[in-house]
Every structure is written in C-alpha cells, then in structure tokens.
C-alpha cells in the first residue's frame, strides 16, 4: 500500500471499517468481484455511528492533504495550462486527470458510499497495475541481461564461445538444485521462520504469537512489506550462494511469493492480512506444503519470440537461440567489461554500455537491496 500515493488513507479507512464487526463480516463473506467493483460499499449504512465519525474525520484529513497537493500542481502550470483547467468540464477528462479520483470531491465533509466505491475500485486497479509493471520490468531486465551475455560471447572465438556456453548451462543446472523450498504460506514455512529466524522452539509454534512477532508496526495487520520479509528465508534457499546469484531475481522471488500468499489468504482483498485471515489461511487447503513451489529458475520468464523482438529493437548481431539451450532462464550471468575493451574501436552496432543498468533495472535494484533488512 505504501507504493500508492494515497496508501496511508486507504490503510486508515480499511482499519476503521474492520473495527466494525458487522461490516467486517460482510467483507469476509463478499465475493472478490463485489469487493473489486466496490459493490461492498452498499453496506456502509450498517456501520456504527462512531465508525462513521472516524471515517468522516479520515476523509477530512485526506481532503486537506489533497488540497495542498493540488495547489502545488497548479503552481507548476503555465498560464495557458491554467486557463485550460479553469474552463474545463468538472466531470471531463482533463479535470479527472488533474484531480485524484480515489475520493468524492463533491462532498468534502462526510465519508459516503461513493467514497468507498471509488477508493476500492481505484486501489484495486492501481495495485494490480503496479504488479503488472513490476513483472514487465523484470522480464525486460532478464532479456537485457541475456542479450548482453550473447553480445559479449559473439566477439569471442568459436572455441571460447562454446566453453563459456557450456559453463553457463552448467551454472543454470546447479541453480536448479537448490534446497527444498517450502510452499509459501504453509505451516512448514512459518515453523521454519519461527525456528531459524525467531529462534524459538518448533514444537511451540503458535500462529497468533508468530503474527504478533512479524507485525512490525503493531497495527494488527501483516502488510505486504511485512509478509515479504517472512518470505526472505525461502528466497535465500534459491538465490543465496548460487552460481550467478542476482539480487534483482531474489527480490522478484519474494514478490511472487508474497503475491501468492496474499491471493490465498487475503479474502477481503485489502492487501493486508488480519490475524483471522492469517490463521484461516494457515489452516486452509491452499497452504499445504506438499504443493511445493516453482521458483524463477523453474519458470520461463520470456519466450523465444519476445526475446527476438527485444533483440531486434536493440539492433543486435545474430542472437538466435541454440536448440539445446533453455531460451529464457531467470538467472543469467551479468556480463563483465574487460578493462582493455575501452581502448578498442567501437563496433559497427552500438550496444548498451556494460555494467550500466537500464532505468527499469535501477528500479529493481533499488527495491532489492533493502529487502533483507526488513524482517
């Protein structure tokens, strides 16, 4: 939720609504479609008076924040843009693009059904879009890394190229032979964290105590970041100490595990786990450890066609994939620039500088590095 500009407001509204037992029960019994479309907002009239008061106060604070935010945006406009905005239809596209749409601007004092509908719909759409963009950026990161590896090898002699290809395939096979990974969200996984991270006795595992230990901010929920930290131990089994270890791939592994657990446990689709959801999820059929886990190493990140299109966009030399080589392994060797390369004349085809990640890679790297420090 912290990735959303209005994430704090969303979290506050969810916590207030879930403090009302009857509305909380309505959410838990609602279908995923009713939640994502905002239809659950029809039951807002059922919440207790003091809960409505808290919602009103939360909206007033959000309106004050948005007033400052919009004021800053207006001050950055030139005269022509300001004139266009002043003449714009209040319900038109320009105004909708300018004003945040997760709130009902027509009523600045009270939190109503339209507020909840808008908040749920926009949060669902925006969070799904963030996950989609992350997956696309990771795919591009992997294709770029493979492209750079092949570009480097294309400059070598056939004998040296074959030797490096053999070493590369051998490294990929070694990475697949990692220790067994517990199914994310299974009791076995949580017990291993309890024992090896929390340093407690396995036979004394208690879900409620575990939940409280990992609810770092003590707000009564496991956030996506807190849940992701629990996944760190499993991701380390796949990526730490492996040949060609990659922090970006390790972060993506944790992201995928976190997404999986949220999908299985988060019944009200608020991107946070309550204690009840956590305990119910551990006891559910979807969290059985015998299901195992397919890591990035076991999945195809990109297809032959996608890589070919990417290569053409980069204007490469021939990058045809050998028939005996896996086309899109998740963890490929990051190319290394030899010092003497700088003294050589530039090749006919311009290749992105080695060792300088693209903007997408920088996004992943900046997110990957602090993950291990957020248990």
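Cβ atoms here come from the backbone N, Cα and C positions, even for glycine.
Copied from TrEMBL, the annotated features are:
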type     : residues : note
COILED   : 113-140  : coiled coil
REGION   : 145-164  : region 'Disordered'
DOMAIN   : 202-237  : domain 'EF-hand'
DOMAIN   : 253-288  : domain 'EF-hand'
COMPBIAS : 317-332  : compositional bias 'Polar residues'
REGION   : 317-375  : region 'Disordered'
COMPBIAS : 333-343  : compositional bias 'Low complexity'
COMPBIAS : 351-363  : compositional bias 'Low complexity'
Residues outside the domain 'EF-hand' (202-237) whose C-beta sits under 8 Å from one of its C-beta atoms, at least 6 past its ends, are 1-2, 15, 178-182, 184, 187, 189-196, 250, 253-255, 257-258, 261-262, 271-275, 278-279, 282, 293, 371-372, 374-375
Across the domain 'EF-hand' (253-288), DSSP labelling yields 25 helix, 2 strand, 9 coil
Secondary structure of the region 'Disordered' (145-164) by DSSP, residue by residue, totals 17 helix, 0 strand, 3 coil
